[in-house]
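What TrEMBL records for 29-54, 66-83, 95-114, 126-146, 166-186, 248-271, 283-302, 314-333, 339-360, 381-401, 407-427 is transmembrane segment.
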Amino acid sequence: MTIMSPDSTFTGTTVGDSTAVPPLSRQEWALLCSAYLSQFVASSFFYMAMTAILRSRGVPLEQLGWIYLLGIVPGFKFLWAPVLDRYGFGRHGHFGIWLALMQALLIITLLWLGMLPMSPEQPLPLAALVTGCLLIALLTSVQDIAADGLSCRLLGPAQRGLGNALQMACGMLGFAAGGGGVLIMVEHWGWQPAIWSLTALNTLTLVQALAYREPAHARPAPHAQLTIPQQWQRLWRFWQQPGTGWRWLLVVATANAGFCMAYGLMTPMLVDAGWSMGQIGQYLNIYGVLIGTLSMGGIGLLMRRWSLARTMRWVLGAQILAVLAVILMHWGLNRHAPTALIVLCIAAYMAFYTPVDVLLPTLMMERASGSTPATDFSMQNGIYFGSGILISSAAGLQLAAATGYGTTLGIALLASIVLAVAIPRLWRSANARAKDPQKNPRAS
């Protein structure tokens, strides 16, 4: 067990060693970036584009919240992550083949969705849309496990900050294509061309995954060959190892509470203010996402110079500014403020919230073991992701339906301030217990 130095940051069950993991090839960088891009293309279609489309067709906030809650499915991906850690495809590969298989099924699902009758003159096929979104959530969750497992094995400690930044930046570009691109295409060319365009983007990742030859070091460590029940026991034992416990669980489950509650309200607020799907797609889901991508890249570079403790202070402080930007946007929409002000608020939100999605996966990766990387990372990331969906749908949209946007945003701001103070203390406490042999006899 190793402990990082100057800052007392935990590196615990690291997935690899910088001397043991060779640098990534261009093909590997391209595959990882493409995998996250295609995954977010599909999921953002559900989380962003579908929200605007259904709201524009008159679906109430309460019902929209329950439909949006389907997105919590990826939050439970750690339950089937042991299957991906345990079973590979022999000499053909492991995580890479799982990635290709899920990509193929995702393409089939998108082709089916593209054939649904979605013209305004026809009844909304809500049941079929919900089924399609559920399938997308399931398939992208398995795809995400495969991509995470591959990342944990390929990225050495020195590459993780930049690696996570690049992956999440590609994910943000996927959000732009799947959310903003779909809305613009639906408005100008209709439902079918928009969905089939997403299908074409996902086909590129499938081709890359099929062409990849997975090296031995990218597969789970040999001692990972446990039974499935033993793998599931790992889900509990993970939280007993140094640097985790209830403190780390609280960090993972609450870090995104404030900004997720605010984010879930942005698209419905814009629709209610009379913005077209094309405008929402252009400003929120394309320009906003591009700004978020630049912000992620910037924090990834800074993490190579800054300590994790310093990065955390800045990132959590930025969450408060992100929620304030949404509050200002709400104020501007109510007073018919110039579009430039609303766009500025969107840009500020995307720039301030996105760095946390680089920092948290980096901290999660440090706690993933070499034998069960997909299970360990997916469990942490699933809790982080799932809690965000619960907060933005169950808490955000449902609360907004009952009390209004303003009250909900006030609660989001209060949550962000409390978490900016509490999370660094919880993180330091978890790290301290990992170092102190009296508090944690497993530390060494």
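Cβ coordinates come from backbone N, Cα and C, glycine included.
Note that this is a predicted model, so its numbers are computed, not measured.
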**Prompt:** Which residues of the same chain, at least 6 past either end of the transmembrane segment (66-83), have a Cβ under 8 Å from a Cβ in it?
**Reply:** 43, 46-47, 50-51, 54, 59, 130, 133-134, 137-138, 140-142, 144-145, 149, 228, 231-232, 234-235, 264, 372, 374-375, 378-379, 382-383, 385-387, 389-390, 392-394, 397
**Request:** Flag the pair the transmembrane segment (339-360) / the transmembrane segment (283-302) as in contact if three or more Cβ pairs fall under 8 Å (sequence separation 6 or more).
**Result:** yes
**CB contact flag for the transmembrane segment (381-401) and the transmembrane segment (248-271), at least three pairs under 8 A** = yes
